Every structure is written in structure tokens, then in C-alpha cells.
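S.K.: Pulled from Swiss-Prot, these are the listed features:
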type     : residues : note
SIGNAL   : 1-21     : signal peptide
DISULFID : 66-124   : disulfide bond
DISULFID : 93-152   : disulfide bond
DISULFID : 97-154   : disulfide bond
């Protein structure tokens, strides 16, 4: 009974502060914008959208523009050696980036690419990060600095 109360208290505390790793709305806004249907099912830490007829269609993260995506993962699945039954929200950046220049750096790099002197393309990457905090199996708070992307942009 005490363990149940402790879990409820922890969930309440985590839901009050979004930087602690739990957000009540587990669905990222960009995911909702990308999908025209609403029912989502969690499968081993990845979100798989479903239509009414149970036909599975995967989101095309790389087909859209660069944006922030979310996965709800068990802490153990992060692969960082922590023992915890908690789940955290891991945010990452994915999507395509236009070739057009937005900064002086991008302008020069595009020109060098055109001459064959630089390689690659602009890529979607985090522009800022957020810490993730969770309760481990020993009932100690663990904070993982800069684990999750907080914002995305095109670079390179």
C-alpha cells in the first residue's frame, strides 16, 4: 500500500514539472499535425499510428520538415545502465532540411557544395537540449543532463 502511495506521489510531482521527464500529453504536437488520425498505440517505446480499420501506417518523419518527435521509453531502454521501472519521454529531431541558405554559414557551405569542395547536405539536429529526471529502483532521483532534444533546426 505504501509503495502505491509513493508511486502516486511521484507521478503527481513529475506531472507538475515538465522538465522532470513526464508530460501528461504524451503525444508531441508535430506528430499530431503530421497524422490525420488520432488513435496512437505504444509498441516497445515507439509510436505506431492506427486507423479505424486497424490498418497500420507509420509516420513519415523523414518526409516532412525538420521537427521535434517524441518516444516514451522505459529507462532501461536508454542503454545508460540505470535500473528503473520508470518511463521517460525521449525527444529527438528528424525530418528533411531545405537547401536554401538561412545563415551566412549555410550560404557559403551551399556555394562550396556547388563547386564540389564540401560534402553532405543540411541536416535536422537539436538546437537545444533538456535534462531528464527519473526515480531509480533505489528510490534516488537521477538527472540526465542534456539527454533529450528541446528544439530542432537545420544545420550544416
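The first residue you see is number 1, and the count goes up from there.
Using N, Cα and C of the backbone, Cβ positions are placed for all residues, glycine too.
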S.K.: To see if you understand the setup: which same-chain residues, six or more apart in sequence, place their Cβ under 8 Å from that of residue 152 (disulfide bond)?
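M.R.: Set apart from residue 152 (disulfide bond) by at least 6 residues yet with Cβ under 8 Å, we have 66, 67, 68, 93, 95, 124, 125, 126, 127.
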S.K.: Helix, strand or coil: which one is residue 97 (disulfide bond) in, per DSSP?
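M.R.: Assignment for residue 97 (disulfide bond) reads coil.
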S.K.: Using a Cβ-Cβ cut-off under 8 angstroms and a sequence gap of six or more, which residues of the chain neighbour residue 154 (disulfide bond)?
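M.R.: Once residues fewer than 6 apart are set aside, residue 154 (disulfide bond) is near 66, 97, 98, 102, 122, 123, 124, 125.
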S.K.: Tell me whether residue 152 (disulfide bond) sits in a helix, a strand or coil according to DSSP.
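M.R.: It is in a strand.
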